[in-house]
Each structure stands twice: as structure tokens, then as C-alpha cells.
Amino acid sequence: MFTGIITDIGKVDRVKPLNEGVLLRIETAYDPETIELGASIACSGVCLTVVALPEKGSNARWFEVEAWEEALRLTTISSWQSGRKINLERSLKLGDEMGGHLVFGHVDGQAEIVERKDEGDAVRFTLRAPEELAPFIAQKGSVALDGTSLTVNGVNANEFDVLLIRHSLEVTTWGERKAGDKVNIEIDQLARYAARLAQYQK
């Protein structure tokens, strides 16, 4: 599990096609000595498993992960190319601060940025969610976008908006996001459970 608090901006170094998937090498500021094979790292919100690391004693800082058919179909990974910057977060450990909300790294689909608007020291992004996910997005609720835990400020049909302060723009890839871009979206699990419960109470 994750918290939606981004701890590094990684960069895609290489993309190697596999049978029904891809192998991604991600450059990172994380110390590879602190990463174990099999560890989970959220890459722009997608929970991926580390399958390779630099040799011990190497000054290189990267890790490799594999993404398969479902991830390529549901997420933005299918469009990733060498040089792309991505949000990174390592998995939650016992005792870690819970700064955002519980994020599982199981992306539900892609949302499209409709508008980016400066508002004083912050930036408001309006996004369009897939129709099937719209019922789970509520004002003042939580949503994970490219792995970032954000609060929904307003909702209008399948469009919603979020506000990011300048610091958040600087420590995530959101500073580069613009209208027309697509981002990974994971709806709040509590919203999913509430909807499921309501369905059975009808």
C-alpha cells in the first residue's frame, strides 16, 4: 500500500518490449542498496514489482520493473518513452506517517486534463474521468492521480477539479502537466466500498 505522497521524480531510461508487456528501467534518487528485489514501487500510481537492480557497489541509481497487458491497457504506461518523468513512491512500512490516503496502486483508468488554471499561489486542474468512475468521485473526497493523493474540490457530471500548491507542483510531475494530458486515476477505496454497500441495501 501507499499514501499518495510522492517521494521522488524518476525518469524512464529505457523501455524494452516483452511478450504481452514491457520492461522499464527507471532512474531514481533512491539508493538501490535500500531496495530489495520483489519490492513494490508506485510508478505514477501504478504498483510495480522491482525485478532488477544495479550491481552492489555500483554508483548507478536505477531499478527495473515489468508491466503487463492489464497495466498497459488501463494506464498511461503504454505511452511511456525514454526521458519521461514519473512520480515515485515506495510502499508503506509499519510506523510510516500516513500523510495522504490509502492508495493501493491498482489504477482504475485514465483521466484527461481539461483545463489548467493559475489561481494565486496554486494551480487548479479540471479533469474528465471515465463515465464508469464518475459515481465514485465526490466533492471533498480523495482521489489518486498519477499516484498523488489529492482532494476533490468540485464535481460536475464526470468532470472534477483539484488544487495543487506550488510546492506540490515542484516535487511531482504535476508542474509539467497541461490540458490534453492523460493521468492515471485510482478512486478512493472507501468510495468503492460505500457504493457496493449501497447497491446491496437497495
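Glycine is treated like the rest: Cβ placed from N, Cα and C.
What Swiss-Prot records for this protein:
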type	residues	note
REPEAT	1-101	repeat 'Lumazine-binding 1'
BINDING	Gly4, Ile5, Ile6, Ser149, Leu150, Thr151, Leu163, Leu164, Ile165, Arg166, His167, Ser168	2,4-dihydroxypteridine 1 binding site
BINDING	Cys47, Leu48, Thr49, Glu66, Ala67, Trp68, Gly105, His106, Val107, Lys140	2,4-dihydroxypteridine 2 binding site
REPEAT	102-198	repeat 'Lumazine-binding 2'
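Features per Swiss-Prot, on structure.
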residue: Ile6; record: 2,4-dihydroxypteridine 1 binding site; contacts (Cβ under 8 Å, 6+ apart): Asn87, Leu88, Glu89, Gly147, Thr148, Val171, Thr172
residue: Cys47; record: 2,4-dihydroxypteridine 2 binding site; contacts (Cβ under 8 Å, 6+ apart): Phe2, Ser40, Ile41, Ser91, Phe104, Gly105, His106
residue: Thr49; record: 2,4-dihydroxypteridine 2 binding site; contacts (Cβ under 8 Å, 6+ apart): Gly38, Ala39, Ser40, Val65, Glu66
residue: Ala67; record: 2,4-dihydroxypteridine 2 binding site; contacts (Cβ under 8 Å, 6+ apart): Gly21, Val22, Leu24, Val46, Leu48, Thr75, Ile77
residue: Val107; record: 2,4-dihydroxypteridine 2 binding site; contacts (Cβ under 8 Å, 6+ apart): Gly45, Val46, Ala71, Leu74, Thr75, Asn184, Ile185, Glu186
residue: Leu150; record: 2,4-dihydroxypteridine 1 binding site; contacts (Cβ under 8 Å, 6+ apart): Gly4, Ser142, Val143, Ala144, Val162, Leu164
residue: Leu163; record: 2,4-dihydroxypteridine 1 binding site; contacts (Cβ under 8 Å, 6+ apart): Glu119, Ala122, Val123, Arg124, Phe125, Thr151, Asn153
residue: Ile165; record: 2,4-dihydroxypteridine 1 binding site; contacts (Cβ under 8 Å, 6+ apart): Asp121, Ala122
Where does Val107 (2,4-dihydroxypteridine 2 binding site) sit in the DSSP three-state scheme?
coil
Can you see whether DSSP assigns Leu150 (2,4-dihydroxypteridine 1 binding site) to helix, strand or coil?
strand
Could you find out if DSSP has Thr49 (2,4-dihydroxypteridine 2 binding site) as helix, strand or coil?
strand
Tell me the coarse DSSP state (helix, strand, coil) of Ile6 (2,4-dihydroxypteridine 1 binding site).
coil
